[in-house]
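In what follows, a structure is listed as structure tokens, so that the remarks can point back to it.
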Amino acid sequence: GPGAAVLVLSWIITLYTMWQMVEMHEMVPEKRFDKYHEMAQYAFGQKLGLYFVVPQQLIVEVGVGIIYMVTGGKSLQMFHDTVCSSCKKIKTSYFIMIFASVHFVLSHLPNFNSIAGISLAAAVVSLSYYTIAWTASLHRGVQPNVQYGYREKSTAGTVFNFFSALGDVAFAYGGHHVVLEIQATIPSMPEKPSKGPMWRGVVIAYIIVALCYFPVALIGYWIFGNSVDNNILISLEKPAWLIALANMFVVVHVIGSYQISAMPMFDMIETVLVEKLHFKCTRTLRFIARNIYVAFTVFVASTFPFFDGLLSFFGGFAFAATTYFLPCMMWLAIKKPRRFGLSWWTNWICIVIGLLLMVLAPMGALRQIIIQAKTYRFYS
């Protein structure tokens, strides 16, 4: 019950805050806010907007890159172990580096338009592996002795697991940190502003998100109960060929997702190097800067491959801000809705929920990481 309620509530809130971002993209005549921090600077002032939002964006984009590296590497490992169960086991850190190798090439594509094909492939395969996950679960049927109670026996463990799960859900709906950059690629004219096609795209995306998340969450829990793994493909186990195919779909999906989240980061790094540190804007600079960023995410992912803990930590600590309450704060500052009106109350409720997420989810995640770290060996 609480899990389903949180899933639905997060879907509604984040769709609402996404609508706000799309609406505010061109709220100033003859100007487009193509970056998150530009909108924040307009709302909160040049210095406050920059210092308030940019650190959050950095945490989001770097965190997403690290988690996608872990996800891609572990999915490659599952594919290998499923296809060749008798082969010698290879370390997870090696698979993360193998997965990272493609990004040392793709990261040199110039802009969002150039990764459109990769993004489309990622979207198609994501729908495919989610469908495989819930249909294969249905085919397995409800497992013997399935239990639907809390996994932890202690009250403290149950509460902290709940906090951690909130971070997982917050991460699942996080895409707001790149929405303005994506909208900036859409042509806009006074008689046909970009918010029209952008909003249609957002609605379609959110319908697809619902078709992916809800069946996996609800059916997966119905079939496996509280013993379900954080990656449901591990719980499925059979048929081997289908699980292997689904894991390869995950790899393709994460390749596209990494590039989408990394593109604003590349732009930010190159802007600082050229405008603040006065480096010459050359291909060599781009080559070195982007490779260093990819190498950094690989290093952290290989060193701390705690998928579920990292997912929850970054979901709460970073995505709660950029997804749940910063759009609402900017809306209140710019649009100035009537005090105590529907819009005013809606935004303040979202702000309070987002702030609670930001405080509670990292607490549960850090506990989870600490428990996992007790038995973890570096680069195993």
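Yeah, the Cβs are placed from backbone N, Cα and C, and that goes for glycine too.
The domain 'Amino acid transporter transmembrane' annotation in TrEMBL covers 2-364.
Feature annotation from TrEMBL assigns signal peptide to 1-24.
Tertiary proximity for the transmembrane segment (48-71) is limited to same-chain residues at least six positions away from its ends with a CB under 8 Å from its CB atoms, namely 36-37, 39-42, 96, 99-100, 171, 174, 177, 250, 254, 257-258, 261-262, 264-265, 268, 293, 296-298, 300-302, 304-307, 310-311, 313-314, 317-319, 321-322, 326. Summarising the annotation, TrEMBL assigns transmembrane segment to 48-71 (among others).
Within the same chain, residues 69-70, 72-77, 80, 115, 118, 251, 254-255, 258-259, 262, 266, 286-287, 290-291, 293-294, 297-298, 301-302, 305, 379-380 sit at least 6 positions outside the transmembrane segment (92-109) and bring their C-beta atoms closer than 8 Å to a C-beta of that stretch. Residues or ranges marked as transmembrane segment by TrEMBL: 92-109 (among others).
Per TrEMBL, transmembrane segment is recorded for 115-136 (among others). Residues of the same chain lying 6 or more positions beyond the ends of the transmembrane segment (115-136) and with a Cβ under 8 Å from any Cβ of it are 106, 109, 208, 211-213, 215-216, 219-220, 232-233, 236, 239, 242-243, 245-247, 249-250, 252-257, 259-260, 263.
With a cut-off of 8 Å between Cβ atoms, the residues of this chain six or more beyond the transmembrane segment (202-224) that come close are 3-4, 7, 11, 15, 18-19, 22, 123, 126-127, 130, 133-134, 137-138, 140-143, 146, 148, 172-173, 175, 179, 232, 235. As annotated by TrEMBL, transmembrane segment applies to 202-224 (among others).
Annotation comment: TrEMBL describes 244-266 (among others) as transmembrane segment.
As annotated by TrEMBL, transmembrane segment applies to 287-307 (among others). Sequence-distant contacts of the transmembrane segment (287-307) (same chain, six or more residues past either end, CB-CB distance under 8 Å): 62, 65-67, 69-71, 73-74, 92-93, 96-97, 100, 103-104, 107-108, 230-231, 262, 265-266, 269-270, 273, 368-369, 372-373, 376, 378-379.
Marked as transmembrane segment by TrEMBL: 313-334 (among others).
Marked as transmembrane segment by TrEMBL: 346-370 (among others).
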At least three Cβ pairs under 8 Å linking the transmembrane segment (313-334) and the transmembrane segment (346-370), pairs spaced 6 or more in sequence? yes
